[in-house]
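The feature chlorophyll a ChlzD1 binding site is assigned by Swiss-Prot to His118, with sequence analysis given as support. Per Swiss-Prot, pheophytin a binding site is recorded for Tyr126. As annotated by Swiss-Prot, [CaMn4O5] cluster binding site applies to Asp170, Glu189, His332, Glu333, Ala344. The chlorophyll a PD1 binding site feature in Swiss-Prot is assigned to His198. Per Swiss-Prot, the feature Fe cation binding site maps to His215, His272. Marked as quinone binding site by Swiss-Prot: His215, Ser264, Phe265. According to Swiss-Prot, the N-acetylthreonine annotation covers Thr2, on the basis of sequence analysis. Feature annotation from Swiss-Prot assigns phosphothreonine to Thr2. Per Swiss-Prot, the feature site 'Tyrosine radical intermediate' maps to Tyr161. The site 'Stabilizes free radical intermediate' feature in Swiss-Prot is assigned to His190; the stated evidence is sequence analysis. Feature annotation from Swiss-Prot assigns transmembrane segment to 29-46, 118-133, 142-156, 197-218, 274-288; the stated evidence is sequence analysis.
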Amino acid sequence: MTATLERRESASIWGRFCNWVTSTETRLYIGWFGVLMIPTLLTATSVFIIAFIAAPPVDIDGIREPVSGSLLYGNNIISGAIIPTSAAIGLHFYPIWEAASVDEWLYNGGPYELIVLHFLLGVACYMGREWELSYRLGMRPWIAVAYSAPVAAATAVFLIYPIGQGSFSDGMPLGISGTFNFMIVFQAEHNILMHPFHMLGVAGVFGGSLFSAMHGSLVTSSLIRETTENESANAGYKFGQEEETYNIVAAHGYFGRLIFQYASFNNSRSLHFFLAAWPVVGIWFTALGISTMAFNLNGFNFNQSVVDSQGRVINTWADIINRANPGMEVMHERNAHNFPPNLAAIEAPAVNG
């Protein structure tokens, strides 16, 4: 009898835990995805902060020339970064217990791999948690679908690209200047500026910013007046009120007269679908472009593609970019190789002496 009561009590505790995890009445929704999201994101954040402040230099190129990235080793907020895991480790799974000591783990850039893998798992669980909460509230799943765009972009630069290049040392450093360095090197090695998927991503990001600004300004400029002409239109509203505060017909009419009639939306759902879909699809394409360039399916190379009737080259902007790429590549890993492969492959001229 005693054993039966204890079993019921334990089942009751588990049931209460399940109800708490899946409850939509709590201040912050946990969810089953949150059970995994919380520890992984806390781990990634904690290790990032500690490593950004105090991590010793990392032998990123695997040639015994460590690169400093932390604040205590001479960097500031702009130049500081979590240095990627050493090329000597490659794509090997490198937890702390795989190293002979913590010093060796730090020297080989172990924190980068730890942060990146926990972060990617955490943001994927956050996306799942968005779907889970939407499902329990009876909502449609498009919030999680929209969030899949930045998740795909992060996965591309932190996981797919290193896999394609054969080493986590080619992943994006976790810092401001490290991000810019990654972008410059990516251009030098893959000519991303001439890749159509990157162009779609730029159109998505900048177009999304433009449309967001246009929509926000139209909404805040077309209030339904609840006051007299002698009072401010803002006086008729309370922050967070349930009643509609703007007139989409007025906004549609204004924008239609500003450009032309069919340039504006007269349906709120169509408008907001467009505002969500434009940047999301653009970022999806960018992530796909990074993932294909990871395996060296690079951007277009229109090298000296325009010539006159005499066969003389007429330079285009594509040629200017091609001229800049080797220079950027020379600056990258300057001690790992003397010249980029496309320069080193050229036969050296004979020197008479």
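Glycine is treated like the rest: Cβ placed from N, Cα and C.
Where Swiss-Prot records a feature, it is marked here on the structure.
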| residue | record | contacts (Cβ under 8 Å, 6+ apart) |
| --- | --- | --- |
| His118 | chlorophyll a ChlzD1 binding site | Thr40, Leu41, Thr43, Ala44, Val47 |
| Tyr126 | pheophytin a binding site | Phe33, Met37, Leu41, Tyr147 |
| Asp170 | [CaMn4O5] cluster binding site | Pro84, Tyr161, Pro162 |
| His190 | site 'Stabilizes free radical intermediate' | Met293, Asn296, Asn298, Gly299 |
| His198 | chlorophyll a PD1 binding site | Ile192, Thr286, Gly289, Gly299 |
| His215 | Fe cation binding site | Leu271, Leu275 |
| Ser264 | quinone binding site | Ala251, His252, Phe255, Gly256 |
| Phe265 | quinone binding site | Ile248, His252, Leu271, Phe274 |
| His272 | Fe cation binding site | none |
| His332 | [CaMn4O5] cluster binding site | Asn181, Ile184, Val185, Ala188, Glu189 |
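Proximity of distant same-chain residues to the transmembrane segment (118-133), defined by a Cβ-Cβ separation under 8 Å and at least 6 residues beyond the stretch ends, is recorded for 24, 29, 31-34, 36-37, 40-41, 43-44, 47, 139, 141, 143-144, 147-148, 150-151, 154-155, 158-159. Counting residues 6+ beyond its ends, the transmembrane segment (197-218) has Cβ neighbours under 8 Å at 251, 254-255, 271, 274-275, 278-283, 285-286, 288-289, 292, 299 in the same chain. Excluding His215, Ser264, Phe265 themselves, the residues of that chain whose CB lies within 8 A of the CB mean position for the quinone site are, in sequence, Met214, Leu218, Ile248, Ala251, His252, Phe255, Leu271, Phe274. Under 8 Å from some Cβ of the transmembrane segment (29-46) lie the Cβ atoms of residues 20-23, 114-116, 118-119, 121-123, 125-126, 128-129, 131-133, all in the same chain and six or more residues away from its ends.
The maximal spread of the quinone binding site, taken as the longest Cα to Cα distance among His215, Ser264, Phe265, is 11 Å.
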